[in-house]
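Chemist: This structure is in structure tokens; I'll ask about it shortly.
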Amino acid sequence: MKKLVILTGAGMSAESGISTFRDSGGLWEQYPVEQVATPEGYAANPKLVIDFYNARRKELQHVKPNRGHELIAGLEKHFDVTVITQNVDNLHERAGSHHVIHLHGELDKVTSSREPNNPKYIKTLKPEEWEVKMGDLAGDGSQLRPFIVWFGEAVPMIETAIEYAERADIFVIIGTSLNVYPAAGLLYYVPSDVPVYLIDPKEVAIASGRKVHVIRKGASEGMEELKNMLLNEPD
Ligand code: OAD
């Protein structure tokens, strides 16, 4: 089976009702990013940050995967699919994707404030445990924090993601403005003879000058079109 690697961003989940970050009305317009998505913001006001992610986690319980997520999961019948997502929601998994790499963490997990990437302290919350409170402690006695990669923090999963990008037979980008590195740089690791598709209703600037097949549509409609193209393509 051909290796299909799909990089997704916030636009992937937009049709499920989750706001993107940089579109008008996006999350970073409502909440200053330096307050809720940096280690400095967390140090200055941990309760504000914990409450922000509690609200995101609660929202996640009320939304569902969209047709785009489902079409990606369905492609596992035809391809060896790896999803590399910048999203912290679990909608790919809930749609049935079996291999999802989360670059920016996962909303349904919490960890130690002292050693966030130590697997010993990473814990998956049960649905009824979505609300983290000040005073809830990780295994090392530090405050439980969201398992989210904030700006300025290391992105431990990037090495794994690069390995998949390097070995892709087909590479797809969906719903990301490609503003945030290192995720945005993954395309540079995709071999030059590998076809690249990009699904986004708006124009996305690709710095490398490489040929990209652009599908200017939302995630669900765009995935429908891509699926037809991929399945009708001669080998
Ligand atoms: P952005 O908000 O920067 O970009 C969202 C992209 O989705 C834009 O290109 C939109 O045009 C596109 N879009 C909007 N609606 C869509 C739809 N229905 N279907 C497909 N695409 C659609 O979000 P990201 O690029 O994902 O990181 O942002 C990257 C990272 O920045 C996030 O993971 C987050 C954020 O700060 C952290 O929190 C660490």
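Every residue, even glycine, has its Cβ placed from backbone N, Cα and C.
What TrEMBL records for this protein is below:
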type: ACT_SITE; residues: His104; note: active site, proton acceptor
type: BINDING; residues: 9-28, 86-89, 175-177, Ala219; note: NAD(+) binding site
type: BINDING; residues: Tyr53, Arg56; note: substrate binding site
type: DOMAIN; residues: 1-233; note: domain 'Deacetylase sirtuin-type'
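Can you tell me where each of these features sits in the structure?
Modeler: Counting Cβ atoms from all protein chains shown, His104 (active site, proton acceptor) has 21 others lying within 10 Å of its own Cβ.
Sequence-distant neighbours of Gly175 (NAD(+) binding site): residues of the same chain at least 6 apart with a C-beta under 8 Å from its C-beta are Thr8, Gly9, Ala10, Gly11, Met12, Ser13, Ala14, Thr20, Ile199, Asp200, Ala219.
Close to Arg56 (substrate binding site) in the fold, though at least 6 residues off in sequence, lie Val88, Leu107, each with a CB less than 8 Å from its CB. DSSP assigns Arg56 (substrate binding site) to a helix in the three-state reduction.
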Chemist: State the three-class DSSP label for Gly175 (NAD(+) binding site), counting H, G and I as helix, E and B as strand, and everything else as coil.
Modeler: coil
Chemist: So which binding-site residues out of Gly9, Ser13, Gly25, Arg56, Gln86, Gly175 are up against ligand 1, CB under 6 A?
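Modeler: Cβ < 6 Å from ligand 1, in sequence order: Gly9, Gln86, Gly175.
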Chemist: Could you find out if DSSP has Gly9 (NAD(+) binding site) as helix, strand or coil?
Modeler: coil
